[in-house]
Amino acid sequence: MIDKRDDKPFKLKSKYKPSGDQPQAIESLVDNIEGGEKAQILLGATGTGKTYTMSQVISKVNKPTLVIAHNKTLAGQLYGEFKEFFPDNAVEYFVSYYDYYQPEAYVPSSDTYIEKDSSVNDEIDKLRHSATSSLLERNDVIVVASVSCIYGLGSPKEYADSAVSLRPGQEISRDTLLNQLVDIQFERNDIDFQRGCFRVRGDVVEVFPASRDEHAFRVEFFGDEIDRICEIESLTGKTIGEVDHLVLFPATHFVTNDEHMEQSIAKIQAELAEQLQLFESEGKLLEAQRLRQRTEYDIEMLREMGYTSGVENYSRHMDGRSPGEPPYTLLDFFPEDFLIMIDESHMTMGQIKGMYNGDQARKQMLVDYGFRLPSALDNRPLRREEFESHVHQIVYVSATPGEYEMSQTNTIIEQIIRPTGLLDPEIDVRPSMGQMDDLLGEINQRVARDERTFITTLTKKMAEDLTDYLKEMGVKVKYMHSDIKTLERTEIIRDLRLGVFDVLIGINLLREGIDVPEVSLVAILDADKEGFLRNERGLIQTIGRAARNVDGHVIMYADKMTDSMQRAIDETARRREIQIAYNKAHGIVPQTIKKDIRGLISISKTSHNDISKEEMDYESMSRGERKEAINALQKQMQEAAELLDFELAAQMRDLILELKLMD
């Protein structure tokens with residue numbers, strides 16, 4: 001029996017107090033949630049402290065909360081901020097645990113089968129288990145997730161029912177406990193004690209839960225009774241303290257008992273027979289042979305080991321679901337009355353909508369050619385309407401909400417005032433004729449004031465030509481193109497802030513992490529060319545890049561005024577008017593945001609130096625030298641992941657793959 005602690009409130013800790021229009025935004029959001037409003041939008045301008053407002057709302061409504069971001073980097077940033085705001089509550093992180101993932105696929109045109117290949121990040125796997133176990137044990141939980149949270153995860157009921165509950169004085173034999181641990185996919189390993197393992201020393205069993213990374217538990221027996229349970233340091237075995245109740249959740253999210261397993265296998269066999277009959281009737285003998293061989297091997301593994309590679313493809317049978325029925329996901333681990341917050345909703349909701357179709361197209365090919373049973377199609381992400389069915393109450397958070405969010409609710413709460421008093425920038429529209437010389441003059445003014453400039457173009461050629469021109473004119477400039485790796489990108493932004501160069505040119509400067517307070521000018525070339533980067537939403541996002549500096553200014557170079565330009569200019573002017581009135585009424589003098597220029601953490605410096613060296617000469621390395629380089633990078637990748645610098649870890653992974661392909 002799991003004792004769920006449901007009486008612990010969220011406790012927000014911060015040296016800040018709500019300011020600007022944060023108080024009214026917080027009050028409105030809380031009142032609407034408590035009044036039963038299903039959906040609302042927090043329309044927060046760049047730099048207004050949306051995460052702090054979200055934290056205040058969570059602490060006041062006191063509901064388990066799922067925060068969804070559109071990529072791992074943003075999720076990691078939010079996770080770090082929420083951990084600081086709620087040190088006494090359970091703040092969890094749930095993203096895809098793959099450092100590298102090549103999904104199973106088949107290309108009929110070349111008769112190429114691509115086997116699933118992946119590298120699981122142990123640290124993220126631990127955090128995923130920590131998230132699900134926290135949700136089943138307590139209510140004061142915030143889970144920060146990527147869209148990975150809408151993918152199949154296994155039944156929360158089976159996961160909870162399989163948990164092993166232990167207390168001092170409980171009558172249970174040591175061997176019974178060992179059998180129970182094996183049933184929930186723990187492995188016995190008396191030598192290499194790590195997550196998901198247990199070891200036995202006489203009447204003492206030590207267990208390392210899948211949700212922990214440093215602390216394990218020691219269960220001491222006296223005959224067929226538990227004498228004592230202690231929390232211990234996994235490395236030294238040193239006792240930290242005694243515990244009066246220990247719940248051990250399964251070491252995998254896909255778990256089932258023996259009786260249920262046999263029922264599942266019977267269903268798999270029945271589906272196999274049906275599909276084989278179909279293939280044979282169509283004369284697809286190769287596909288039939290392939291499917292029989294693969295599926296019978298998986299069935300044997302399930303019988304003997306309780307697990308097989310690709311077990312998730314049989315999740316419909318394991319969960320007892322009907323064909324087409326949505327899979328269990330992280331959302332099913334939450335209680336009914338939970339709150340969802342969608343960060344950067346204009347991006348995230350588009351991702352949620354698009355996940356299902358791409359997944360189905362790939363899997364249908366595997367089914368058609370005998371690599372998987374049709375039930376594999378039900379191991380999938382949720383459709384958007386299925387996601388909506390899980391929504392009890394939701395807050396969409398964005399500076400530029402999308403059409404979908406606007407169609408879901410008329411309740412829009414604005415957060416326009418920045419705590420620093422900063423205004424949205426002034427905007428000029430200038431003709432494209434003579435734009436190079438005009439822009440050069442503007443850049444020189446900024447250089448004289450030790451300020452920086454962003455320039456955004458629409459094409460790679462324009463960016464390259466402009467970079468060459470400015471260099472000829474003596475401007476210190478860099479072009480950030482799509483081929484630049486994330487690690488280099490971080491270094492480029494840092495160098496821009498330090499004044500190593502003064503102008504950064506790019507095609508898409510909307511990506512996260514491009515907020516630079518030193519930037520006082522944003523120049524938008526071809527502003528009148530309608531499209532993704534020049535629609536109203538894209539323009540407002542780009543304009544926001546100049547909103548961190550008191551002298552922020554935007555120049556749009558265009559030969560005509562498009563509807564998108566006009567709407568973006570009008571919206572910026574409206575916000576600016578509100579901000580000026582507020583500052584005047586409260587005697588606030590705008591100040592440029594003070595943001596430390598952090599030295600890259602030691603691992604980043606080391607890794608970057610290593611990468612630069614290897615990028616210069618790894619082609620001339622011997623195979624042995626390359627192997628040493630790969631080993632060093634793998635270690636650094638793990639260290640980066642442990643520091644939750646998953647962006648850096650991903651770059652390490654990509655370089656490792658490049659090096660491996662050379663041998």
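Every residue, even glycine, has its Cβ placed from backbone N, Cα and C.
Not measured: the values here are computed from a predicted model.
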Query - Of the residue ranges 97-120, 361-384, 481-504, 577-600, the one that Swiss-Prot records as motif 'Beta-hairpin' - result: 97-120
Query raised in the report: Apart from G44, A45, T46, G47, T48, G49, K50, T51, which residues in this chain have a Cβ no more than 8 Å from the mean position of the Cβ atoms of those residues at the ATP site?
Result: T53, A399, Q415, R418
Query - Among T46, T48, T51, the most crowded of the binding-site residues [Cβ within 10 Å] - result: T48
Report task. Restricting to the motif 'Beta-hairpin' (97-120), report the mean pLDDT as a whole number. Result -> 63
**Report entry** Of G44, G47, G49 (the binding-site residues), the residue whose Cβ has the fewest other Cβ atoms within 10 Å
**Finding:** G47
Query - Composition by DSSP (helix, strand, coil) of residues within the domain 'UVR' (627-662) - result: 32 helix, 0 strand, 4 coil
Query raised in the report: List, in sequence order, the same-chain residues at least six positions removed whose CB sits under 8 Å from that of A45 (ATP binding site)?
Result: A399, Q415, I416, R418, D424, G544, A547, R575
